[in-house]
Each structure stands twice: as C-alpha cells, then as structure tokens.
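Quick look at what TrEMBL annotates:
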TRANSMEM  B:46-65  transmembrane segment
TRANSMEM  B:85-106  transmembrane segment
TRANSMEM  B:112-134  transmembrane segment
TRANSMEM  B:146-166  transmembrane segment
TRANSMEM  B:172-192  transmembrane segment
TRANSMEM  B:212-242  transmembrane segment
TRANSMEM  B:273-291  transmembrane segment
TRANSMEM  B:303-323  transmembrane segment
TRANSMEM  B:329-346  transmembrane segment
TRANSMEM  B:355-374  transmembrane segment
Amino acid sequence: MQPILKGRNLVKRYGKVTALDHCDFDLMPGEILAVIGDNGAGKSTLIKAVSGAVIPDGGTIELEGKPIRFQSPIEARDAGIETVYQTLAMSPALSIAENMFMGREIRKSGPMGQWLRMLDRKEMERIARQKLNDLGLMTIQNINQPVETLSGGQRQGVAVARAAAFGSKVIILDEPTAALGVKESRKVLELILDVKARGIPIILISHNMPHVFEVADRIHVHRLGKRLCVIDPKDHTMSDAVAYMTGAKEPDPALSAA
Amino acid sequence: MSETTPRGQEYEQVLSGASQTVAQFDDHKKGFVSRLQHFLHSNPSMVPLIVLVISTLGLGLYIDWEPIKVMTGMARLEDVNNGSFRFFAPFTLSLILQQVQIVGVLALAQTLIILTAGIDLSVGAIAVLCSVIMGKLTFDYGLPPFFSILLGLAFGTGIGAVSGYLVSRVKLPPFIVTLGMWQIVLAANYLYSANETIRSQDIEASAPLLQFLGTSFAFGSAKITLGVVAMLVLALILAYALRSTAWGRHVYAVGDDPEAAELAGVDVHKTLMSVYMLAGFICAFTAWVMIGRFGSVSPSASTGVLGNIQSITAVVIGGISLFGGRGSILGALFGALIVGVFELGLRMAGADSQWTYLLIGFLIIAAVSVDQWIRKVSG
Amino acid sequence: MKNLTKTLAMGASALAFSASMALAGGHSTTVCLITKTDTNPFFVKMKEGATAKAEELGMTLKAYAGKIDGDHESQVQAIETCIADGAKGILITASDTAAIVEPLKQARDAGLLVIALDTPLDPIDAADATFATDNFLAGLLIGQWAKATLGDAAADARIATLDLAISQPTVDVLRNQGFLQGFGIDLADPGKIGDETDPRIVGSDVTAGNEEGGRRAMENLLAKDSTINVVHTINEPAAAGAYEALKAIGRENDVLIVSVDGGCPGVQNVKDGVIGATSQQYPLLMASLGVEAVKAWADNGVKPEPTEGKNFFDTGVALVTDKPAEGVESISVEEGMNLCWG
C-alpha cells in the first residue's frame, strides 16, 4: 500500500537550530497516525511543513504520489489537507456556521449572488448542521450561536467538524484534548474515531499517552529532528514509547525501518 | 483494538454514570437578564436605538409639554404660553439629520476601521483636505468640478491605502499610523489652502456641482438634503455588505482574531487594505457632503480637528466594540443621532451646551460598560 | 585615512562658514513675532507685514507660532528662545493673556521691548505697549449701523449673537458687548456675554469662528426662535455659515448680518449682500508699526506711546458697507477691498 502522504529527507533550520534533520514521514490511507516527541523534538515543525505553515529548506513531500510544495496553509487546504490548530482558529464572536465557512463562503446563485455577492446563509447553515449531525456530534438547536458561547469541548467539536467537512484527503489534529476536561476529551476522542470510520486518514499530535494509545493505529516517535521509529500501540507499552522519545531506551533497529 | 473492547481508559469507566450532556447545544430557560444579554449579543445596535428613542421622547416631552397638554385635552390652548410643537416639529427633526450628516458619514468610515480592531484619528482631517482639493482643483486649476470631485475621492482613497499598508504590512499600530496621518493631513491642509475660504457665492456661480449634496427637498416643513439621503443610503449599503457578503464576514473575523482568520483562510492583508481604502474613500465623500452643507470650502472647519473624536464618540455610543469584531454599522448612525438629539434638544430646552458634553461623556462610559457586559455572555 | 582627513577638513570649513554667518547675523537687530497660529490668514498677513517692514529697516525677523489656537506652551518656548537669541523685542498675540505675563516679564528684565499685538495682555501694562484694534469700537460700529439701518423696527428686533468660544475670550466679549451697546441694549456686566435681560435678545451660541460652527449655531438659535432678524457674528467665516443656515430656510434676505474682521472674502461677502456691514481691522499695520517700535527701542531706547485717551495704541478700525447709515461713519466696499487682508 502506498502512503497517502510521504515526506523524505525534510530539512528545516531556524538560524543555527536544526528543527528538521533529514526527516522521513509516512501516513497510510485510512489510519490514525499519532506523532509524539519531547518538547523541542521538532514535531510541530514537521506538522507545519506538511500543513503549509512553514516551507521546508530541503526534502520532498508527496500527496498521493504527486510532489507538492505548499507556500501557505491555504494552499494545503485547497489540496485537501485540513488542520485543526491547537488555538482552533475560530472567530469567537461569529456563529458556528460562519466559522465553518470562513474563507470559503457560499454565494447565492442568480443575480443576488453574482451582482450583489450575497451569501447563501440558509445553505451554509444547512450544510453546517448536516456536517455536525453526520459526525453524530451534537443535537444542535442554534447553528447561529456565537462560538464564544460554547464550551471548550463544543468548540473543539466544531473545529473538528469543520476539518472533516472539507478535508478530503488528510486531517491534522494538533493537541485536540490538551485544554479539555475528562468528559470532554472522551467526546472528542470518539469524534476522532468517527472521522476515521469515514475513511479519512488523521495525523494526531498529542502529549497524552493514554489518548494516543487508545486511538492511534501507528505511532511516529520523533526525536532530535527526525523520525526515530514507528511503533504499533498493540505491541508496545506507554513506558516504551516514553523511553524511546526521551532517549532512555534505543528502539529495535528493525523498527526504525518501518 | 477490537470493536467489542470498550473504549476509554479504566479510570474513565465511572463516567457512564455521569451526565452525558456535555457537548450538547442546550438552550435551557434562562433568567430575564441572561436572555437580555443574549438578545443584545446578537442585536448589538438595539442598545443605541433604545437610547435614541428614549432620549428623543424624553427631550420632546420636556420641550413640547405645553402643546402635548393641549393636544391630549389636559389644558386649553388659551392657558398655555406656546401651543405649537417645537421639538416634535418636522423641521426640527429634519434639522437634526442635517446637523449630524458630516459626523454620521465619518462615523461610517470609523466603524469599518474599528471593526478591524483599529482606530482612525485622521478621518476628519482627510475630509477637510479633500474638500480643499476639490475646491482648489476647480478654482485654481480650472478643472471641471466633476473631475475635481473624482480626484478628491481618489486622493482620500489613496491616503487610506497608505495607512492600510502601514498597518497591515509594516505592522504599525493603527493608533500611531493615523495619529501621524492626522497631523500630516491637517498640516498639509493648512499649508496648501493658506486657510483661505472659497466662498459659497463663487462656488454657486461657477461650480454648483460641488454643492450638489446640499440640494434640499421640502416635505411640508421638513427639509431633507441629498447629503442626508447619501448618509442613510451609504449606511444601508455598508450594513448589507458587512452582513451579507463574504467580505463583510472577513472584516468581522479579522477584527475578532486576525491569526485565527488567517489560519481559517482569510486574506487578512487584502481585507485590511480594502477596509482602510474604503474608509479613506468615505472620508473624501464626506468632503463633498461638507461643501454641500457649508456652501463654501472651509479649510478651518472644526471637523478637521474634532471629526475623529466626534466619529469615535458616535461609534462607541453606537455599541461597536473598540476591540474589534463586534457591533453593527447602523449603531454608529444611531450614535451620531443620539449626540445630535442631545445637542439640539438641550439647546432648545435652554440648557448650557456644556450639559450636552457632560451627558455624552456619561453615555460613552455607559456604552463601553454595556459592551463589556455583553462580551461576557456565555452558554 | 585619507578620506577621514578630507571629511574632517570639510567639516571644519563648514563650521567656520556657519560661524561667520552667525557673526554676520549678529550685526542686525533681531525682532521676534509670536502669533497664536500660523494658519489663520489674519496672522499670516501680520507676518507678511512684519517681514516686509523688517527687511526695509534691515532687521532680522524670527516668527514663531502656537500649533493651535490656545497653545500657550509653544508661546512660552518661543519667548525663551527669543531671550536666548539676543532679540531686541518681542511682538506677541498671546493665546493666554494672563499666564503669558510671567515669561514676558523675564524678557523685559532681559532688556527686550514687549509689544502685544491685536490682543491686550492681562493686565494690559504687562507689555511695554499694545498695538491693537479697538474691538469694543469695532462691535460698537456694527451695532450702531444695525440699529440705524433698522430704524423704527429696531425696537422690535430679534437678535442672535454668534460668538467665538464658551470660555468667552476678551476679543469675543469686547465685540459682543460693543455690538449690544451700539444697538442700545443695557449690558449689565460689560465683561460678560449673556447676562443681558433685554427681551430682544433671542440667545447666543458659539461658532469657533468658522463656517461649520456658524451654520450650526445659527440653526440652533433658529430652532429656538425662527423670527430672528439681526445677527452679530464674531467674524466673517462664522457670518458666511450663518448665511447658509438662513438660506436653507429662505430667510437670507430679511435678516441683517453684521461682522468684524475685514478679510478679503469677508469684504467680498459684504459686496454680495451676505453680510450687511463689517468692521475692518488692520493686522498688517499692527505688525509693521510693531517692528518700527522695536527698531526705535534698539536704536534710541524710546518706547512707543499709547493713543490719546486709550491705554493702547489704536491701529484703527473702519466700518465697511455699501449701505451707509446716518450718523455712522463708514467706508465703501471698494475702499475696504483695497485695505483687506487674507
């Protein structure tokens, strides 16, 4: 099976600091790939390189076998890669529907849309409601509620739903449970599995080992700017993973080739 | 992980006993205060509208108490000093519209900037300089007034573009950029015009198009000028554009949180540039409104110095948040009208004009407090 | 190294050059002109008059101005600069006539002649001399003219006064009270606007002395009483604004507007019938007389004397109108155009 997203020899330097040191990366179709690593290991740079937020100094990235080189997150998005940032990138004063369609609004057909550039509010609300329902996410009464009136978990839910609605190829989730309580984290994890069930591969960045081991199919361990190894959560314990990423234990050389 | 394995960690098993409604969009019955808060949150221009109606009624009742008594049969015409309406007269109410038209149009420009979490101190100065440019091009360089107006509008848009570029690309704070621009534009105005007025009679004789927006229509004793009509039409157009086009939603998103907007796919630079240029254009349009109202081109018009504060006052009283991303542009119009009603109403009631400023001061602080309260709204 | 030497040599010669310039400048007498602003045509004209006279007498004129009307601090800085500069005299139109007295005292102690132009200081003897328009007389003339023009109707006149500012600066009070006195109204306190009880006065409002303020003030007063038929205005731009407000309700032809200043657009407005009559003042004369006085002081130590019967040197005022009224002396618009400023 070919990886849907493949990175080879990725290099990124910030002055004297090398954030990515000839790093490889593979995401398989339909899987949840967790990316773990200690702070400063360079995992967020890796994710930014994939999502278009930084431009690597060297190396290649391929999406479905075709080489790509994003100049901005918008280009990555247009290519079908959606990212849910840790900050969620939502405008608190605007409604759920408006946030879901921010930057890709639907205009009315006919002269109102063409000449007066009028938005098709009804259609956007309908799609937003449908997308949220598709994910079995929530029983929504008011899709026009401002996002700031939602709880943290609800906001995360909307952000994931937005990514799932538009991310045709890959969805990247950056620390989706970091700011949430126990119950809300549970809801979001279930949501992630729902998205996966619809066949969209997911990259999950997280510090939370129990969450990673619960949902991930494979775990990419990042250390010192490159991929140290990829492990299967069913064959390894959380202590193994932590030991690898902190350098307390060397992985089996066979794993590194995976 | 097989399907039958229960999901979750062991320590979470107890959760099944807990309430499951965490991520639902619940809308339980709330108290009156909370419902009011939500209502105002989604209808930000209601507060100034209510204030406008109450202050108009209040001042009107006070000033026209005698004719009202006569009308309702509480007194006979012979028993009162004055049986005719003064404040609730079409003439007076239309006069208020005429008096606020300059500040009203400037407030529309100011609203656009403030919605992006900026502030524009140069609005009034741009308006005055553009009026001087329109006049000078016509009278000193012999251009047909039509082209003078066009060039004046282009010049205002250009100043907006410079400010917008400095804010968006060079990342200077809007306060600083427009503070500098205010001084530059105002000084340029005095230097260029030598503070010499172009007289109304001369304009009327050779370039009446410059006074076009001063053309008035009488409806009974009410008098509406084209400048007032232009202010209202412009407000409605902008309200539509801000509410119902992608551009408008982007303006709000940029004002709310520019980083989030950028990540969500909004071109923040383009949005900011369009807002500053449009604001500059509206300021230049105000120049034309000013010539219509004064008849003359007046480089010493108080708007050059006070237009910024007056427009910010209208915007703030209009319930538009100085922190950006919240409020309705119609609120700014209501804010300008509130100030106009107070000014003329208190005048007619015989109060010292300082009372106007005192009350406006209270209104500003009250408006910002209400804004803060509305922002704290939560599920 | 060679370059450095060259630069140093150039710098040194530049220094020597500028030093010789300064020395050369030291031979001529320096006089300072400090105005309220340098944007108002009145002060622009004043500066022109002073510059021309200084050139004629071989003196150096240094002009300073506040940033806006009422900018006291810039004027204080200017005085300090003049003292340090070794000027022989200061001509000043003070923004704050009371507060400026102390810094001016330092200047006089340093041997400078201080002449107040246009606006008397508070107290008036804080300056060595005052060259000014008699603003009370300016008001008096237009008041008398309005009364004489109305004739018998003056007894039922409806009067509005469009003044300068809430703070009632001296010039504002003098013109307003002069006008009312000329019209035959009991002034109560002649140092205060608005304490008169004569029922013919509808009210007063402030204009900031420009068209915008003039129009709004007129509208406000018309809303109070639409039968107004006599309007006193602080200056001609305010009068032009008032005219627009009257025109908007079709009353421009049955209201008498009077004003003070005598700027060229203002006199033109008298000609066009916008303003009935205006009292013209002569800023150019004030400034050139001031420069001459400093010259006399520097050369012979002689101070200027005030006009007989007044505590200041009256630079004159003339009523400009094409409808002369019996018993009020006036000049024609044509003469006024020849003498106008700005």
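Every residue, even glycine, has its Cβ placed from backbone N, Cα and C.
When Cβ-Cβ distances under 8 Å to the transmembrane segment (B:112-134) are tallied for each of B:46-65, B:212-242, B:273-291, B:303-323, the top count falls to B:273-291. Long-range contacts of the transmembrane segment (B:212-242) within the same chain, counting only residues at least 6 positions beyond its ends with a Cβ under 8 Å from a Cβ of the stretch, are 89-91, 93-95, 97-98, 100-101, 104-105, 108, 111-112, 115, 248, 251-252, 282, 285, 288-289, 291-293, 295, 328-330, 332-333. The transmembrane segment (B:329-346) is not in contact with the transmembrane segment (B:273-291), judged by fewer than 3 CB-CB distances under 8 Å for residue pairs 6 or more apart in sequence. Within the same chain, residues 39-40, 85-88, 317-319, 331, 334-335, 337-338, 341-342, 345-346, 348-349, 363, 367, 370 sit at least 6 positions outside the transmembrane segment (B:46-65) and bring their C-beta atoms closer than 8 Å to a C-beta of that stretch. Sequence-distant contacts of the transmembrane segment (B:146-166) (same chain, six or more residues past either end, CB-CB distance under 8 Å): 120, 122, 126-127, 129-131, 133-135, 137-138, 172, 174, 177-178, 181, 185, 207, 209-210, 272-273, 275-285, 287-288. When Cβ distances are compared across the two stretches, the transmembrane segment (B:85-106) makes contact with the transmembrane segment (B:303-323), since 3 or more pairs at least 6 residues apart fall below 8 angstroms.
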